[in-house]
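Undergrad: Here it is, the structure, as C-alpha cells.
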C-alpha cells in the first residue's frame, strides 16, 4: 500500500453518530478498501477524554488502512490538510428553543469551522455537513470559506433518500436494489419532498407501479419526512447508526461515482435549476463521477411535486434570510 493517506476530519467525534462512523471510515468503507486514511477527531474540550476512549478502541481494531489518529479541540489543527471533512457536531434543538436561536447557536459552530477549512484544508477538500439544520449549517460554513469552491460544501439528505428507498420497496414488494432514480428535494427537515415520479422499480415507473396518490401524500411522504422523530420516540435517542451509514454512502458515492442509469440525492448549492433560488443549499437529484457531481436536468415536474418542492425551498430561503439577519453569512 503505497498510496498517500487521505486526511479525514470528523467533528463531534465523541458523539453517537461519530462513534458509529469512525470504525467504518477506518475499515475503508468511506473511500474504498485500498485507500489509507488518517483521522482527525475534533471535539469540544469537555469531550476530549471521551474522544480519546474512541481513539483507543480504533487502535485496538488494528485496521490496516488506519495510519494515524489526532484528537483536538482546535478547528485550525483539525482541518489542517484535510481532504474530507464530516461536520457531525452541532447544537441540538432543546425544548422551547426557537428556530432563530438554533440557527444562531449553530452559527457559532459552523462559521469558525468554515473559516478553518478556508485557511487550512487541502485544495481538494470535500465537506459533508451532517449536523442539523444541515442545509443551512452548510451554507454558513461555505460562506465563511470564500477561497473554497462553493460546490465542495454539501449537506446530507442521503438518510432521507435511504429511508424513502426502503418505504417504497416495502410498498411494492421489492428490494431496495430494485429501485433507481429516487429523489429527495429541498431541505433535510419535515418539509423535504421524496419524489418517486421519476423513480423505477425493477425497470417500471414507480408512481405507476404504486398507483396510489393517497398513500403517497398521506403515508409515504410523512413517514420519510418524520422518520427521525419516530426513531426518537421508539429508541429514546436520535438516529445514529443510520445517519452514520448515510454519511458513508454520501461520501463514497461522491468520490467513486453513481451507478450507470441511476442517481442519488445530495444537498448542494443551487445553480438555479428547477426554480430553486441560486445559492441556497437544497437537495437535488445528482449523478457523480470522479469526485464531481452534476444535477440531473430535464425532469418534468408535475403539479403535485412542484407544490412540495416550492414549500421546502421556501423554508430554505427563510433560513437563509434568518442567518443573513444574524450576520452569519
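From the backbone N, Cα and C atoms, a Cβ is placed for every residue, glycine too.
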Undergrad: Out of 132, 135, 137, 205, which is the one Swiss-Prot records at the substrate site of 93, 99, 163?
TA: 132
Undergrad: Could you round the CA separation between residue 93 (substrate binding site) and residue 14 (NAD(+) binding site) to a whole angstrom and send it over?
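TA: Between the alpha carbons of residue 93 (substrate binding site) and residue 14 (NAD(+) binding site) there are 19 Å.
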Undergrad: For residue 188 (active site, proton acceptor), what residues in its own chain, 6 or more apart in sequence, show a Cβ-Cβ distance under 8 Å?
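TA: Sequence-distant Cβ neighbours: 132, 133, 134, 135, 155, 156, 157, 159, 160, 267, 283.
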Undergrad: Work out how many Å separate residue 131 (NAD(+) binding site) and residue 99 (substrate binding site) at their Cα atoms, rounded off.
TA: 15
Undergrad: Out of these binding-site residues, 16, 113, 132, which one has the fewest other C-beta atoms within 10 Å of its own C-beta?
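TA: Sparsest of the binding-site residues 16, 113, 132 by Cβ contacts within 10 Å: 16.
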Undergrad: Below 8 Å Cβ to Cβ and six or more residues apart, same chain only. Which residues does that give for residue 18 (NAD(+) binding site)?
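TA: Sequence-distant Cβ neighbours: 10, 12, 41, 54, 88, 89, 244.
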